[in-house]
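*Asks:* Below are the features I grabbed from TrEMBL:
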{"type": "COMPBIAS", "residues": "384-398", "note": "compositional bias 'Basic and acidic residues'"}
{"type": "DOMAIN", "residues": "84-128", "note": "domain 'Homeobox'"}
{"type": "DOMAIN", "residues": "131-332", "note": "domain 'TLC'"}
{"type": "TRANSMEM", "residues": "39-56", "note": "transmembrane segment"}
{"type": "TRANSMEM", "residues": "136-155", "note": "transmembrane segment"}
{"type": "TRANSMEM", "residues": "180-199", "note": "transmembrane segment"}
{"type": "TRANSMEM", "residues": "264-283", "note": "transmembrane segment"}
{"type": "TRANSMEM", "residues": "303-328", "note": "transmembrane segment"}
Amino acid sequence: MSRSLYEWLWQHEFWLPPGITWEDMQESEDTHYPQPRDLLLSIPFALILIVIRCAFERAIALPLSTKLGVRDKQRPKAQPNPVLETFYSTYRKNPKEGELLSLAKQCDLPVRKVEKWFRRRRNMDRPSLSKKFSEACWRFTFYVVSFFTGLAVLYDKPWLWDHRECWTGYPQQPLQPSLFWYYMLELSFYWSLVFTLPFDVKRKDFKEQIVHHAATIFLISFSYCANYIRIGTLVMVIHDASDCFLEPTKIFNYMKWKKTCDSLFMIFSAVFLISRLLIYPYTVLYNTYYYSMEIFQPFFGYYFVNVLLIILQLLHVFWSCLIIHMVYKFILQGTMEKDMRSDTEESDKDEERDKIGEKKKNGIMYFSNVTSNGYIQRNGSEPLDNRPHLANGHAKER
């Protein structure tokens with residue numbers, strides 16, 4: 001059964017143009033082609049990247065965050081409560097109204113205190129500002145290294161300047177060592193992101209991140225196996241260009257350098273829109289759909305890779321709409337809209353509201369209002385201007 005599936009999957013009609021078989025792709029001492037087994041090397045390389053990342057964050061990013069004034073917010077801790085902790089870890093982190101009432105009865109606590117406990121417990125699980133800063137620093141470092149590595153690898157390659165060269169001699173295009181290591185660098189990085197997902201900063205698009213990483217790994221792996229190396233390198237360097245500006249935008253946001261953050265976001269937006277909506281369609285889509293037909297006739301691999309690249313372009317359009325919306329808000333309001341993917345602290349306003357509510361219940365209100373006449377009226381007391389005054393300015397006792 002497995003043997004039949006293996007033979008069916010690796011039919012040359014699926015992977016190679018008409019007239020080319022696997023016998024034509026035999027390697028020699030001087031000629032090497034991409035082999036699917038090579039991709040297994042990305043797993044140990046991903047583990048090495050994780051070790052490098054841990055050392056980088058601990059030795060460089062965290063001390064840098066302290067020097068740059070990134071301070072973690074002091075969060076009140078939830079009091080130990082086995083019943084609430086069991087519900088929190090087993091069922092849900094944000095109980096519904098009926099569940100709150102049931103938990104309040106079980107713990108013999110007011111519903112308000114149960115709500116406060118869950119709010120504080122959720123805040124305890126949120127990543128600290130220094131952790132976000134460290135993660136952004138690591139990604140920024142990698143994207144810069146990856147982008148300039150891609151440029152160094154491709155600057156002397158003919159297909160960077162003449163896109164028809166992507167298909168010259170296809171699929172019998174020998175694998176160059178520099179291209180192999182560039183592919184391993186990118187693939188290993190995305191494997192490392194998958195491995196560290198449970199420990200990384202969780203945003204509201206956590207599920208979308210999983211889908212994105214899985215799709216990226218699949219695209220890189222497929223392009224390697226089908227020897228779409230040349231077109232794959234163009235896709236990777238185009239994507240890394242805008243990512244180099246996204247991560248420093250986050251870094252300056254955590255440092256609260258608002259003007260620098262806004263300026264970098266505008267630069268990121270311009271680079272993203274130009275690279276994903278102009279350069280990518282011409283350099284990749286038109287190249288793969290039209291120029292490749294000058295070399296070979298359509299086959300399954302041709303249609304499959306074009307479908308994948310078009311789906312990627314649809315994602316570019318979706319993200320571009322979100323970015324354009326944020327830029328539009330920035331132009332109108334003069335301030336950058338908050339990243340909708342980010343979780344915010346729940347404690348500030350809710351805690352203040354709770355304190356005010358408790359003071360009201362206890363009958364304590366300080367300086368409740370300032371009237372239009374400019375005098376201060378205390379709760380339960382008479383306006384000062386209505387009291388009789390002596391000549392020396394002291395209030396007369398009744």
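Each Cβ is built from the backbone N, Cα and C atoms, and glycine gets one as well.
Keep in mind that TrEMBL annotations are predicted by a computer and have not been checked by a curator.
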*Asks:* Taking the transmembrane segment (264-283) as the first stretch and the transmembrane segment (180-199) as the second, find out whether 3 or more Cβ pairs fall under 8 Å, excluding pairs closer than 6 in sequence.
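*Replies:* Since fewer than 3 Cβ pairs under 8 Å link them, the transmembrane segment (264-283) and the transmembrane segment (180-199) do not come into contact.
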*Asks:* Suppose I define contact as three or more CB-CB distances under 8 A, residues 6 or more apart in sequence; do the transmembrane segment (180-199) and the transmembrane segment (303-328) meet it?
*Replies:* no
*Asks:* Treating G and I as helix alongside H, and B as strand alongside E, what does DSSP give for the domain 'Homeobox' (84-128) in helix, strand and coil?
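*Replies:* Its residues fall into 33 helix, 0 strand, 12 coil.
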*Asks:* Please average pLDDT over the domain 'Homeobox' (84-128) for the predicted structure.
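*Replies:* The average pLDDT of the model in the domain 'Homeobox' (84-128) works out to 83.
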